[in-house]
Amino acid sequence: MLDTLGQQMPFVKMQGSGNDFVVIDNRDRRVPVEAMADWAKAVCRRAFGIGADGIFFLENPPADRPGVDFIWHFYNADGSRAEMCGNGSRCAARLAYLLGIAPARHVIGTDAGPVRAEVLDSGRVKVQLTPAKDARLDIALPAADKTLRAHFVNTGVPHTVIFVDDVAKVDLPDLGRTVRYHETFRPKGTNANFAQVVDKQTMLLRTYERGVEAETYACGTGASAAVYLSHKLGLTGPEVNVTTSGGEQLTISVDGDNVFLAGAATVTFTGDLLLESVGLKL
Ligand SMILES: N[C@@H](CCC[C@H](N)C(=O)O)C(=O)O
């Protein structure tokens, strides 16, 4: 019956700690790179498309990118391309393993650089992010009626972290947006993270994500940035369990500028996208 509904594209829906993604196996290059931003906007739009925080396309590595098992093209829900996504990379690793594209230990080619992944028996996936860079501590951020004490690091994508006494009390739509668009971080902008250190091994985190333009249930590179910076500030030890706003747990460990992120990566459903229904065609 659905054959009458025109062109279709198989997809996989996944989530890593509640950060949700549509995955397209694009090894046949059916979707050209130039069309991917439009695909992201149409497919990720909740209620009208499949709905997701982001979409990524898995492809075989080109000859000029040796040493990686596959590459991806990652896009946020608003159609912006992102250099990296921690939870997305864990989902990509799990799916690549399930599809036989890569062995349990492999390397993903991201725009930020190669990311090492290990798919664990439990269905959890551990990734080593690209080395933390551009760290800046104690940035004074003038906001409406106060000055925020912020810290910054790039863990594949840019992250600002503000430590607070109670994350539940943060007005994230307002404060997250203020930080995300603060002139200090122009032109690329930043993701905005609010972290509550519970003890040396435990943290609560909420993230306002660039490209989703809202709070997401989790952000892997954000959790990694928060732990990297809290460790640098002496607030936590080198390994921390981070509870994200969706209630899931990510485990982050830091060794110098090397940051490791581990957590569950789950296939939630598979399906066929009816391209015409979301305004797309091949
Ligand atoms: N949710 C991701 C980060 C995705 C990219 C980010 N929105 C950006 O554009 O910087 C993660 O888990 O790291």
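Quick reminder: no glycine exception, Cβ is built from N, Cα and C everywhere.
What TrEMBL lists as substrate binding site is N19, N76, G86, N87, N191, E209, R210, G220, T221. Annotated active site per TrEMBL: C85, in sequence order. The annotation active site, proton donor is assigned in TrEMBL to C85. Annotation comment: TrEMBL describes C219 as active site, proton acceptor.
Excluding N19, N76, G86, N87, N191, E209, R210, G220, T221 themselves, the residues of that chain whose CB lies within 8 A of the CB mean position for the substrate site are, in sequence, D53, G54, A82, C85, G88, V157, T207, V212, T216, A218, C219, G222. Residues N19, N76, G86, N87, N191, E209, R210, G220, T221 are listed as the substrate binders, and the farthest two of them sit 15 Å apart at their Cα atoms. Within the same chain, the residues at least 6 positions away from R210 (substrate binding site) whose Cβ sits under 8 Å from its Cβ are N76, S80, A82, V157, P158, R180, G189, T190, N191, listed in sequence order. Same-chain residues at least 6 positions away in sequence with a Cβ under 8 Å from that of N19 (substrate binding site) are, in sequence order, D53, G54, C85, N87, G88, T216, Y217, A218, C219, G220.
Of the active-site residues C85, C219, C219 has the largest number of other Cβ atoms within 10 Å of its own Cβ. For N191 (substrate binding site), the count of additional Cβ atoms within 10 Å of its Cβ stands at 26 [all protein chains shown]. The number of other Cβ atoms within 10 Å of the Cβ belonging to G86 (substrate binding site), over all protein chains shown, comes to 28.
According to its DSSP assignment, R210 (substrate binding site) is coil. Other C-beta atoms found within 10 angstroms of the C-beta of T221 (substrate binding site) number 33, with every protein chain shown included.
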